[in-house]
Amino acid sequence: MDCQNGRRANRTVRFARTAESRYPERYSYEYDPEETLSRAAPSMRNAPTIPPPTASGADEMRYTASRPASPARPWSPTRAADWVRPPSAAASYYERADINGSPRPGTPSSRYGGSPRRPLPPAPLFSKPGTTTQDTKIDIGDGEEDPFGGGGRTISSRHGPQGSVQSFTSESTFIADETDLEKVDLDEYEEESNETKSMVDPNLHYGPAPEKQSRRGVRNAQMAKKEVQLVNGELILECKIPTILHSFLPRRDDREFTHMRYTAVTCDPDDFTQRGYKLRQQIGRTMRETELFICITMYNEDETHFTRTMHGVMQNISHFCSRSKSRTWGKDGWKKIVVCIISDGRKKVHPRTLNALAALGVYQEGIAKNVVNQKQVNAHVYEYTTQVSLDSDLKFKGAEKGIVPCQVIFCLKEHNQKKLNSHRWFFNAFGRALQPNICILLDVGTRPEPTALYHLWKAFDQDSNVAGAAGEIKASKGKNMLGLLNPLVASQNFEYKMSNILDKPLESVFGYITVLPGALSAYRFFALQNDAEGNGPLNQYFKGETLHGKDADVFTANMYLAEDRILCWELVAKREERWVLRFVKSAVGETDVPDSIPEFISQRRRWLNGAFFAAVYSIVNVKQLWKTDHSLARKILLQIESVYQLLQLIFTYFGLANFYLAFFFIAGSLTDEKIDPFGHNMGKYIFIVLRYACVLVMCLQFIFSMGNRPQGAKKLYLSSMIVYSIVMAYTAFCTLYLIVLELMAKTGHDVPITMSDTLFVNIVVSLLSTVGLYFFTSFMYLDPWHMFTSSAQYFALLPSYICTLQCYAFCNTHDVTWGTKGDNTINTDLGTARIINGSIVEVEMPSEQLDIDSGYDAALRNLRDRLEVPDPGVSESQQQEDYYRAVRTYMVSVWMVANVVLAMAVSEVYGVGSSGTNVYLAIILWSVAVLAIIRAIGSTAYAVLYLIQKLVEGKAKFQAGNIASANASAAGSSLGTKSNVSYGSKGLNMTDRINETKWAISRGMQKAMFWKK
């Protein structure tokens, strides 16, 4: 019967088309404006009214008990075939997983204009089994409750009344008989006649092209004007989260899980608390103390970088909650942690990053406003406690993967005002409101290991004098370590490793780490606060944001390119305090490093200039250390560190000359025909060619650096780096060849000529103190694999680090920008054309002929009188730029002349063949050895202290385990039960001892497996 009904309906439609095309005068319809349509009016005029179908025309409407708010549309035959099988009544309510079981973006309900053939999204992997959708139903506010909160009422709708809820019963959907026919576009059918084609108006305009492809089951959000009560004159909204997100949340017992809070902030971050703004952690049932405040700053990074960092933070929060025996943390430890995500510029944020935030429930489109109560909005603050996480593969992770709730604050700044301003929002606005104990700073793209944040927090918990802590930054080597095939990535991997093995431990022993990396660092919030007069670390830290005009001299501007170094110095040198900085090697974070030459040079320009000027600042102000409350021993150590930094600064400044002189004396030793390894005096010719090539590239380097950006001169910089690598390789070959000759002579072999004992000792000591100590300390820290995979690339690019990077940095000291920020000011001095109605605008213009004539007369009078036009002068910004460039020129000239004079003087005093009596070469080699030995001593001291600390902690845990075991045994004896089998007399049962042994073995294997590092 259903098949016959379907064929009859299709024949009816075909008959209607044929009849209408042949007899158009019989088929004229009148439009009834009182008729209620469930959809938008069709583009064709005189649309017919079609009564509802009979029982034979379509199946009766069926409602599903489990989805009362999403009824399915009735099935009806299509025009493409005689008969189509209707959908099965037992069809599943869940479709296949999109990627990993994550919910589809569409709303599969006819209530929202969705497709009737689109089933419901799949059940998430972490949804509770056995629960139905009735348990997760929430009211979306059909006139009863406003989803935006505040009890506002709808004023008007942009789209007018909508009837999509009743679309499945609309009278305009079905055909009752042959007299009530649907008017259709006849161009869609092949059987239409030429007469029918002539009915179509060729000039008919269908409107503009759609901006994007329409998706089945997805409808655009429909906006409506509402009245919302302002809170203290500010806009604060409580918005319901999406229904599909709410449906699979494990916890829905509090408003922080079911509503997202939006606040439009119209003040400066320094006035956030004074203006009465409050966060969720300060109001109502969510009023809590904040122990850990995590800041994630981002600019325009995509969703992959964001989810990598955010998922790592969520894993760390889960680790905090897993420490059930901790006095601070435990099952509800997430309530003491707040994650603050700050995006620098609403126009700069990546759209897919906003999509990732929306998937977590933190962000909703269409809520933010530019102006509130005639005040411009400076930041949009979204607050939500999310219970799901997205990993870097965009797969949802929930409670089944150990993810716990996370309190998130998303601050979307209206304008791009650089990273320093983002930190001002974090510390001065949200930090003052929450008053946290510890603040952790992260950059988007850095993936902290699951226990990294706990180890950072533990450093503050164990020592009350710690004001800041730095984690170990590890370079990302790509999948299967394929990134090491890129020499840039490999050299940076070696540099990061040796810095974490030699430099950071040494500075940690002294108590002053020159820089806490913004990618992974932590601060004690109390230590950062200013004094009563407003002077202190934060005041100095944020001074770089407000430098303008005469105050922004080149030295200060470049110094604040590395403002985190200034903050570290101000903490250690804080008056009448005894704060120290620590390096936490167990807090590891992985970050991406530049893999292209332009990106690499641009990054190091800011690092080198900031580090150089910040080091000068700390050395000049070293006397501030004597006004602190440090012990005498600590003050002496800090003075020694200042001397060490001064030596490093001198070597950095004369790096060009020292590199050239080392090549000149070592490679020049092979110009003697007696020890020429190539014969025919080839050693001399090779030395001459490489010498002039090296000098030529150094000269060209200044032209490249002053006249070209790295992005526009990639091949030039690549060529110079290749030449430097060849020079370095030949110098290394000459060094090894001379050492082999000397060793052969000392063992009795007949060699034509030997080095002097002094030169031999100098070279050997220098090599052993660098390469030898690199191997020794790497094996001491059980992390030697970078010596085999990345050391060759690093030493090959070492001249480029010294020459190319340093030259580009000094030649661009006038560039003190972090990025580009355009001028977004709109000038209104000419007036505006205000739209009145449609294409009619209101403008100001001369209204009478007399006004036009007076303007003409004024022009003629000015020509006759020859009035002098006042000179506008040079703008302040142009004066500042000229000043920066002039100082840059003086600075580069002095630096270049100093290096050239040093190289020429030493090379003239000591010739090529006088290496044995070369005092300057001996000073250079022994200075390198002394500095390397100091670093090795500091690294060894840090390792010893770290080992002692772990032994003390292990002993304390062991004793606590003995006490707990004794108490358990006593309790078991009193109850007449037998306790666990003990292992020896140590108080540990067999199971605990086996578990501890397994853990120790596993930990050792993880450290030994280089492919996981």
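One-based numbering along the chain as shown.
Glycine is treated like the rest: Cβ placed from N, Cα and C.
Model, not experiment: these values are computed from the prediction.
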Position flagged as N-linked glycosylation site [Swiss-Prot], chosen from ASN100, ASN837: ASN837
Highest-contact recorded stretch vs the transmembrane segment (646-666), from 759-779, 892-912, 919-939, CB pairs under 8 Å: 892-912
Cβ packing number for ASN316 (N-linked glycosylation site), 10 Å threshold: 25
Most Cβ pairs under 8 Å with the transmembrane segment (721-741), selected from 686-706, 759-779, 792-811, 919-939: 792-811
Stretch of maximal Cβ-Cβ contact with the transmembrane segment (759-779) [cut-off: under 8 Å; candidates 686-706, 792-811, 919-939]: 919-939
